[in-house]
Structures are given as structure tokens and as C-alpha cells.
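Peer 1: Right, I'll just put the structure down here and ask away after.
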Amino acid sequence: LMERKTRAKTNRKEVMLAKLRKSCSCTPKKLKNFVMDFFPVLRWLPKYHCKEYIWGDVMSGLVIGIILVPQAIAYSLLAGLKPIYSLYTSFFANIIYFLMGTSRHVSVGIFSLISLMVGQVVDRELLLAGFDLNDDAPPALGDGSLQNDSQTNTTAFNLTIAGMNAECGKECYAIGIATALTFVAGVYQVLMGIFRLGFVSMYLSESVLDGFATGASLTILTAQVKYLIGIKIPRSQGHGMLVITWINIFRNISQANLCDVITSAICIVVLVTAKELGDRYKHKLKFPLPTELVVIVVATLVSHYGKLNEVYASSVSGAIPTGFIPPKVPHFNLMLRVAVDALPLAIVSFVFTVSLSEMCAKKYAYTIRANQEMFAVGFCNIIPSFFHSFATSAALAKTLVKTSTGCQTQVSGVISAMVVLLVLLFLAPLFYSLQKCVLACIIIVSLRGALRKFRDVPARYHVNKVDTLVWVVTMSASALISTEIGLLVGIVFSMLCIIVRTQRPRTALLGQIQDTSFYEDDLEYENLSSVPKVKIFRFEAPLYYANRNYFLKSLYRLTNLDPNLEAARRKKYEKKEKQHLKKGDHTTANGLGIGETTLQLVPKQIDFQALVVDCSSISFLDSTGVNTLKEILKDYKDLNISVLLACCNPSVIDSLKRGGYFGKDFGSMQEMLFYSIHNAVQFAKDQ
């Protein structure tokens, strides 16, 4: 046996106190490092190579800004809010991530899935407050100020703020819910960063995230169909929203607005064609075509001069005010209502941001700090919530565009924020006549990537059937039940798959590769030779309480011997033999002589005298696992069969020692434990 290193014993209490003193101490150098770690921009901005980076950052910033404006206006439909709030969100998120983010390339802002999750909470709370979600009264033509709006819904809701009653209209209450939800989600993310709970993201596998994104995309697509064809149907809430919405669509299909249908068809054809051409010739294009912006500008001009709203009753965006609303603290009583909803929102937002950041860091050979990313995303939610913004996350499509247009640093995010600011201050009212069906077309076309995952199902199934099943279950639950429950179902189901895999792992009897000291699965490989009088059993999982019975059943089945049954059968024959001997009869009940009975006591099916257990795939043992090995050691010993363990890792050996497997003084350890299968086999042959 190899000698284990003796580790010096450490006083955990002293170590903890030393770490606590170090973390609580405050020196100028430590304070400086803390500030620079919390605001990474202070580290990289002074080293910014202007001549080398500025052109790529400006170009990518302008392109992303141009894409952000139409997407921000479109995604406001998903969130159930006015377009101005989406523009606020895009502006503040880019500025804050520029200061606090560690990724150079990721694009943070509005994201379709996050907007959908916010919109579902907003719609639910509006219904509970007594508002009518389907009011589509003509927007007021005031001076473009938000102070005059919110009167399109006659229902009012009383809020008690600091002991005073304030009357709040539908839009006021909707943004109040959104900002409260965003603030709580940001607080969750900051707390997760403080307590270093980033490991939570590990439980969201790629299959779960892809299935969640695809299922949510189907929900988003379904929610936009009513805008595509211009019908008025109730906004479905609760579980089964997708099915209920499609039923309502087909019931009201006769009310479709012909103007919206034609506009939608034209816009989808133009957008899809431009996207396909852009994908085909992207290596020749220096930057992506701003198709969404062109479509919005042309559609707005046609709608304005063609008076589509007045003549054909086509639904339009309405007045989008300019400037900023005075900041406002999110309502605490609303935070309590949405505290549970904010948790999945916080986790999904963080996971998408970190996964995209890690993807970019790996591609461009730099490192990110996941914990700081959590702080950055958290404050991208907390601070903007005071400025009438809703939840944000990194977005894959915009991140890919950002990297393809020469982005070098987050300076490009500041440029994008300036483009959005230009729209906020001067250009927003120009989108008054923009049809909602055009915004719905932009949203639906942006879902191409997620919906294309259906084409990858055969390839995914070929690679891993279990992962495909996880994807299907998560996607189905997200689409047919709800996004939050779909995410939970996906996580639980993927964990159950792992548990089932360890409960019923692969087991095998091994044979020797000819003329070598190596052994492999006898059923998987040809020309393996069995070792006389020795059985070699492999169990490809940890041995713990959940798979103990499967371990024993597999061992007995493959070796064709259950020691308990065999021991019971022997006792039965021995008892019968003693009874016949007492009677003085030299034949047994079977009519056999004593000598023949003695031969029959040694079963013919026992063709081995040693059992070698290959423990190379057993990563750990719990107390049940140790007791199981002790049990088979005793049972086989009663049949004069020795049990030898091979290839145990140090943690398994320690568990066996603590469990008393080798006896009190470990004296027999050298005859029971071997560092290779071949050594165990040689020992068994010598015995």
C-alpha cells in the first residue's frame, strides 16, 4: 500500500478569526482596491487605447443604438407598458453596466424573455386591482408630457404612501408594479453576490435554458398574434395562457383588421428577407443592415400620411413623451406583492448575463468575475427602478451584433446610450403613428433564433437522449403552463434525471484484454478473455442509499449468485442431512448417498473463488454504501469467496476506514485493497 501524507491539523476557529480580521480591516490600499473592483471601469478606462479601440466602439455603439430604439419600443408590448419606459431602461442599463460590468462585449438592456416575465406580473396585478387590460382608448394628444396621461382607463386604485392616499391610474399602477418588481429582483441579485450564491446558476443546464427560451418564445409569439391581425381579445392570464389565447384568436378571427394583416405580411416578408440576406452575406458586410429602423421609419410615414388609424382603425403606438420623469421610490407595499415573482426573474436575468459574458470572455481571451457581474446586473435593476425602468439582462442577439461590428470595450455601451438619449429628448414623438402590428412583426422575427431550436432536436437527440427529454419537458411546461413554472419544472426534472442516472447506472463484468494488464466490459468489446476463478464487477456511480439495492441486484445477476439464497439453501440441505444421519439412513431425501450429497452442497454455478469490485467509478460512499460493502464481504466470505476492492480513490478509502471495513487495526487492508485491477487479480490467483 502507498503511504498517505500526514496533513497538519489546522485550528478552524483560528483560521476563521484570521479571515474575519483580514476582511474587516480597513486600510487605504484595501479601500482603493475595493472601489476599483466594484467599479472596474476605473481599471481599464485609464488604459484605453483610443486610436486602436475608438473606431470599433463608435461603430458598434451606433449600430446597437439604432437596433435598440425599435426593439425598445416593440418590447414595451411584451412588458405591458408604454414605449417610453423601455427607452429609459435601455439608457440607464448601458450606463450602469459601463461602470460596473467586467465583460467588454456583452450588451445589457431590454430582453424579450425578461420583458415577458415582467409583463405577466404586471397584467396579473392590474387584473387584481380591478383594471381592464383590454382598454384601447385613443391616446391623449397633449403636450407629450407624462403628467397628462394615464387617464385612458377610468378605474383608479388608491395607494397609501407615507400615510397619504394618492389616486393612481392604470399606467401609473402598471409602472409602479414593474419598478417594484425590478427593485426586488435587483436586491436579490446583490444579496446573491454578497453571499456568493452564484453557484445557483449551475443548476440551470444548457438544455433547461434552451427549453425555457424556446417555450417562452412560443408564448411571446402567441401574445403578438392579436396585434398582427388587429383583433381585440382578452389578455389571458394564469396557467395555459398559450392555449387559451389561441382559442380566443380563432373565435375572433372574423374581426381581423385587413389593414393590419396586410401591413404585417409586408413587414414580416421584408424583415425575414433582410435577415436571411444579412446572414448569408455577413462576411461581406461591415455592419448589419438596420432593417428594423428602416421598417419603422417607412411604416410610421405611411401610417401618418395614409391616416391608417383614423380611416382603418389600425392600432398605433400613440404619444411618446420626451424628456425624463422625476425619479420616484418604488412602493414598498407593491414590493411585498411581487417578492416571490422577483426571484425567478433575478435568477434568469443573472444566468443569461453571466453565460453570455463567459462566452465572450472565452472567445476573446480575457476573464470576467461572475460575482461582480451579479452586482452589475443587480444595480442595473436597482438604480433604474427609481427612474421608471424595468428589469434588464444581457441579450444574445445584440451581443453577437456588438462583437461582429468591432466592439472592443463598454465604451460602445455609452455610445448606444447616447443614441437612445437622442430619441428620448427629441425624436420620440415622431413615432406617434407607428402601428402596433409593425412592432409585433419586429418581435416575432427576433424570435427566429429560439424557434430554430426545433430543427436541432434530431441532432440533440442523437448526442444525448436525456438532455433532449429535459429540453422537451422544459419547453412544454414553459409554453403550456407558464414561464416561471416551466423554469422550475425544468430544474426539478433535470435533477431527477441525474438522480435516476445514479440510481440505475451501468454495471458490467470485466474481461482481460489479451496480453495486457487492462480489463474492460465483456459485453462491449470483442476478444476479451475471462479470468479463471475470478469475477470482476464494475459499478459506474457513487454507492449511496438510493442505489444500494440496485448495486446488490446487479452484482447477484451478473455473477449468477445470490450469497444469501445460496447460504439458505446450504443450511436447508445440512439440516436435512443431519435428520437422515440421526435416523441411521445413509441416503438423503433425494435418494442420494452421503458422498453425493456432499458434492451437491457445493453448487455447480459457483465458478469463482474471488470477487474483484472495480471502484474506479465510485466517487463517494455514504454510510449505507460502506455497510453494503461490509455486507457483501461477510456474505461471500461465508461461501469461501474473497472480496477484493480495486482502484478506490482516497475519499472512498477514508470512508471505508471510518466505517470499519478493514477491521479495527487495518491489519488486513493489504489483502483487501489494491490500486489496480490487475494487482487484485494476481493476488486472487496466488491465493
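Yeah, the Cβs are placed from backbone N, Cα and C, and that goes for glycine too.
So TrEMBL lists these for the protein:
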type	residues	note
TRANSMEM	53-75	transmembrane segment
TRANSMEM	95-118	transmembrane segment
TRANSMEM	172-191	transmembrane segment
TRANSMEM	211-229	transmembrane segment
TRANSMEM	334-354	transmembrane segment
TRANSMEM	375-397	transmembrane segment
TRANSMEM	409-427	transmembrane segment
TRANSMEM	471-500	transmembrane segment
DOMAIN	524-684	domain 'STAS'
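Locate each feature and note its surroundings.
Peer 2: Residues 83, 86-87, 89-90, 107, 109-112, 115, 286-288, 290, 292-293, 295-296, 317, 320, 398, 401-403, 405-409, 411-420, 423, 431, 434, 439-440, 442-443, 446 of the same chain, all 6+ positions outside the transmembrane segment (53-75), place their C-beta atoms under 8 angstroms from a C-beta of that stretch.
If you look at the transmembrane segment (95-118), the same-chain residues 6 or more away from its ends with a CB under 8 A from one of its CBs are 38-41, 64, 68, 71-72, 75-76, 78-80, 86, 89, 178, 181-182, 212-213, 216-217, 219-220, 223, 341, 344-345, 348-349, 352-353, 356-357, 360-361, 364, 366-369, 372-373, 375-377, 379-380, 383-384, 390-395, 398-399, 401-403, 407-411, 413-414, 416-417, 443, 446-447, 483-484.
Proximity of distant same-chain residues to the transmembrane segment (211-229), defined by a Cβ-Cβ separation under 8 Å and at least 6 residues beyond the stretch ends, is recorded for 77-78, 112-113, 116, 235, 241-242, 245-246, 249, 253, 256-257, 260-261, 264, 315, 348, 436-437, 439-441, 443-444, 447, 450-451, 453-454, 470-480, 483, 486-487, 490.
Proximity of distant same-chain residues to the transmembrane segment (409-427), defined by a Cβ-Cβ separation under 8 Å and at least 6 residues beyond the stretch ends, is recorded for 41, 44, 48, 53-54, 56-58, 60-62, 64-66, 68-69, 72, 84, 87-88, 90-91, 94-95, 97-98, 101, 103-104, 107-109, 322-324, 402.
When Cβ-Cβ distances below 8 Å are used as the criterion, the transmembrane segment (471-500) is approached by residues 113, 116-117, 120, 203-205, 207-208, 210-212, 214-216, 218-219, 238-243, 341, 344, 347-348, 453, 457, 460, 546 of the same chain, each at least six residues removed from its ends.
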Peer 1: Note the mean pLDDT of the domain 'STAS' (524-684), expressed as a whole number.
Peer 2: 85
